[in-house]
C-alpha cells in the first residue's frame, strides 16, 4: 500500500509541475503556485470609449483611472489605497469582472525588460541646461504645425560644422575600408526626413535638449509611467538611453551642437515607458500611441538577453502591433524598428525574442568599426539588416546627444543600431510618403549592402541570389540606395498566408531521448485553399517541444530552393526543462523564393546526457507572401499545374461556346481590333477590358455599374470572389471573401468571425469587437485577426490554463477542459470512462473486468453528461490532489535524486553518433510509421 501511495504522489506531482510550467512565454506566471509578482495596475476594456463611464466604474470600486485610454477602449485603473491586502484587491477585481459594462478585466504584472546597450566610461561634454519635467499639452497649434508644408529640399553643405560630426565615422566613410552607410548620397539629394515623425519607445527623451528641441514632436510623445504628456525622464543618472537614441535619429545639423542626426529634419518624440514597471498594457499603450500621426517607432529594448529566456509581446501588445500595420499612417501601416539583442556573450539568440521574431518589426543587427560582428551580437534568421555600432573600448562607438543637454561618443550596442536604421528609413519615407510597412521591408533588404561584411563567416546565397546571414541579415543598410529605390517603388500586392500543419504519426507526441535528430518534411503547392502564395516574404514555424534542457535543442529549416535557416541554435545557458509551446520562429531569409516544393524541418539535440528525455509535439509552417511579383521587374514564377489546367479548360470553354444566358450573339459583332489581352473573340473598344465580346479567363461584375457591366480579368480583384468563371461582388463589409456574405479578410483592423463549426454565430462576418463567447486571436494568422471560439485557441490535446495559455491535456484525454483525467471531454485511444466518470485504460480484450480498467466494449454514456457536472467533479479531484501533493513534497528532492533513468515506455528514436556519423535506430522496428514523417539523414550530407 505504501508503494502505491508513493507512486500516486509522484504522478500527481508530475502533473502539477507540468501544469505550472507549460507556458508560451517565460514571463507568464502561474498564480496558483505563487509564482507571480504583485500586480502593478488593473486594465479594463469597455465596449466603446467612454471616459466618464470608466471613471464612474473605477470610483464605484474604490479605484481611479490614470492617463488616456489605449487601444481605443482600454483603461488603466489603480487601487485607491495601496495598503490593502491582496485578497481585498482580488475581490475588487472580481466585482469589476461582473460589471455589465466591463467586457474584460485583468490585473497586469511586471515583465522584465532591459535596454540594449552596455556600459562604457563616458567622455561626455555637458552643457549647462536645466533638466526639468513639466506637462506639455497636445493642442491644435501643435497639430497644425506638423501639417504645415515644409520648405523645398535644400542640399546641405558638407561637412557639417557640428563639433562631433568628424567623429561620426559611420556617416562619412570612416569605417575600415572607407565604408559607411551611404547616408551622404541621400543628403546630397536633399532628403533629411522632412514631414516624418519618429517616436522612441524607451525611458523618455529630454525634449528641451538644445540639439533636439527644434525637432521635438509632442504628438509623438507621452509618459505612460506617470500618465501625463511630458516624456522627460527622471534625472537619476540612468535614464539617458531614450535621449541618446533620439539624437541618433534627429539631432539638428549645422547648429554647432554635438553631431548630426541621420534624419536631421525629422520630427522626433519619445514615450517614457521603461522608467517604471513594464507590463503588457504599458507596452500596448506605447505601441498604439497616435498611430495615424507617428510614422516610425524605434525600440531598443526587449526581454533579458541572458541566454535562457523565451519571451515576447503579450496579447495587448500584439493587438497594438496588428492595429498599427492595419490602420496606422492612414492604412499604410506603422513601421516598427527593433534592436535584435545584446546577448551574444551568453550565446543567446534573437529567435527567443518575440519582438524580433514578429512579422511586423524590422529587426536590426550591429557591425563594428572594422566590419566584424561585435561580441554582443545575437544570431537569428529574423534579422533583416545591420547598421554600424560599437565594439569594445578600443574602437569608436556612436556619437549622439546626452542628458542633461550634453553629448557623448560612447553610445553602444544594438540599442544604437535600431535608431540609426529608423533615421535612414525616415529619409526613404520623405522620398516616398506612400510606402507601406511591407514596402519598407522589401526596400531595406533589397538595397542592403553585404560587401563590407563579406569577410565574416556564415554568408549564404538564397534561392533568388541574395546574400544573407544569421548575423547581419542582408547586410548594411544603404541610405542612398534605399532612397533611390523608394522614389520609383510601386506598392506591393496584398499579402496572403498559407498554413501547413504537420500531421505527426504515432506515437504522438513523439518521445525523444539523449542526442537525437528528427527530420520532418512538408510538401507545399502554393496553398491548399484560398489565394496562393507564389512569392515568399516571411516564413514562420510554430513548434512545440519539451526537453530536459531546452538549450540543447537546435532547429533548422530548409526551403525547396535549398536555403538553410537556423531557427534556433543551441543556447548553453538555457537549462529550462519545459521547452516551448507553439513558439513563432521567424525567417526572412527565403524572401522572394517560390515556396512550392518540399520543406524540411530538422530538430536535433546537442546534449551530452544520454538520459535526457522529452517529447516532440507539433509544428506548423506559415508562409507569407503574394500571388504576384512584388515589382514589375521581378522574376515571374509559373502558375501551379492544377491552376494552369483549370484556366486552360476555362479558355477552351469560352472559345468554343457562348453561355445560354448571354444577351447577345458575339459573332454578329465586328471587333474593333487591338483588343485587351484578356479579351477573347474580339471587342467593341480597343485596349479595354470592359469591352470584350468574351473573356479569356474570368468575367468580373463592375461594382460602379450597379452589377450590370463586366470586365475581363485573369484573377478576381479584392472585394470579389470566384464563382465558376465569374468574379462576383463581396459584401461591402468584406475586403476579400469566399462567398458574398462570408468574408475571408476584413478592411482595416476589423476582426473576422471564424467559427464555421458553430453555425449560430455569424461566421465570416467582419466586426469591430468579438461577440460574447468568442475571443480575439491576433497570433494564429498575422494577416487577419479573428474572433474564435475560446477552445480553438489551442486545438485538440490542449486546454486554456489559468493564465490564458495552452497546456497539454492528460495523456488519457484526447480533448479536455482542464488538467487531469477528470477533465477529459473525450478519452484517448485505449482509454474509456463509461462507468466511473474519468478516463482510465481499457481492459485487454478477453480479460476479466476489474476496477483497475474500463470495459471499452460498451458505448460511453458520459459523452452526453453535462460538462458542468464534470467540471465540478474535476474541481473536487484537484483539491484532493493538492493535499496529497503537499504531503509528498518533503520527499521530492530525495526521490528525484534517485530517479535517474527515463520511464518513457517507447523505444528511443534514432540517435546521431558525432564520432563516426552513424545513425543508431535503437530498438525501433516500426519502419512503416517512421516513413510517414521522418527521413533520417547524416547532417554532414545535408
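Glycine residues also receive a Cβ, built from the backbone N, Cα and C atoms like all the rest.
As the structure is a computational prediction, the values presented were derived from the model and not from experiment.
Swiss-Prot lists 202 (among others) with the feature active site, charge relay system, giving sequence analysis as the kind of evidence. Summarising the environment of residue 202 (active site, charge relay system), the number of other Cβ atoms within 10 Å of its Cβ, over all protein chains shown, is 30. DSSP assigns residue 202 (active site, charge relay system) to a strand.
Feature annotation from Swiss-Prot assigns active site, charge relay system to 241 (among others); the stated evidence is sequence analysis. Every protein chain shown contributes to the tally, and the Cβ of residue 241 (active site, charge relay system) ends up with 25 other Cβ atoms within 10 Å.
If you look up Swiss-Prot, you'll see 415 (among others) marked as active site, charge relay system, on the strength of sequence analysis.
Counting every protein chain shown, the number of other Cβ atoms lying within 10 Å of the Cβ of residue 259 (Ca(2+) 1 binding site) is 27. According to DSSP, residue 259 (Ca(2+) 1 binding site) is assigned to coil rather than to any helix or strand. Residues or ranges marked as Ca(2+) 1 binding site in Swiss-Prot: 124, 211, 252, 255, 257, 259.
Feature annotation from Swiss-Prot assigns substrate binding site to 203, 238-239, 283, 300-305, 311, 339-342, 353, 355, 415; the stated evidence is similarity to another entry. Sequence-distant neighbours of residue 283 (substrate binding site) (same chain, six or more apart, CB under 8 Å from its CB) are 111, 273, 313, 314, 316, 317, 320, listed in sequence order.
Residue 230 (Ca(2+) 2 binding site) falls within neither a helix nor a strand when secondary structure is assigned with DSSP, and so counts as coil. For 223, 228, 230, the entry in Swiss-Prot reads Ca(2+) 2 binding site.
The disulfide bond annotation in Swiss-Prot covers 258-407 (among others). When secondary structure is read from DSSP and collapsed to three states, residue 407 (disulfide bond) falls in the strand class. When other Cβ atoms within 10 Å of the Cβ of residue 407 (disulfide bond) are tallied across all protein chains shown, the result is 26.
Marked as disulfide bond by Swiss-Prot: 350-380 (among others). All protein chains included, residue 350 (disulfide bond) registers 29 other Cβ atoms within 10 Å of its own Cβ.
Cβ neighbours within 10 Å of residue 527 (disulfide bond), excluding its own Cβ and spanning all shown chains: 21. Taken from Swiss-Prot, the feature disulfide bond applies to 498-527 (among others), supported by similarity to another entry.
Feature annotation from Swiss-Prot assigns region 'Disordered' to 130-160 (among others).
Residues annotated as region 'Disordered' in Swiss-Prot: 211-242 (among others).
Summarising the annotation, Swiss-Prot assigns region 'Disordered' to 922-942 (among others).
Per Swiss-Prot, topological domain 'Lumenal' is recorded for 117-871.
Distance from the CA of residue 230 (Ca(2+) 2 binding site) to the CA of residue 353 (substrate binding site) is 30 Å. Neighbour counts were taken as the number of other C-beta atoms within 10 angstroms of each residue's C-beta; across the recorded positions 255, 415, the minimum falls on 255. Counted over every protein chain shown, other Cβ atoms within 10 Å are most numerous around 211 among the binding-site residues 203, 211, 228, 230. Closest in space to residue 407 (disulfide bond), of the recorded positions given as 302, 340, 415, is 415, taking the CA atom of each residue. Residue 350 (disulfide bond) is 6 Å away from residue 340 (substrate binding site) when you measure Cα to Cα. With the fewest other Cβ atoms inside 10 Å of its Cβ, the least crowded of the binding-site residues 257, 340 in this structure is 257.
Across the structure, residue 305 (substrate binding site) and residue 228 (Ca(2+) 2 binding site) are spaced 30 Å apart at their Cα atoms. The secondary structure of residue 340 (substrate binding site), as reduced to three states from DSSP, is coil rather than helix or strand.
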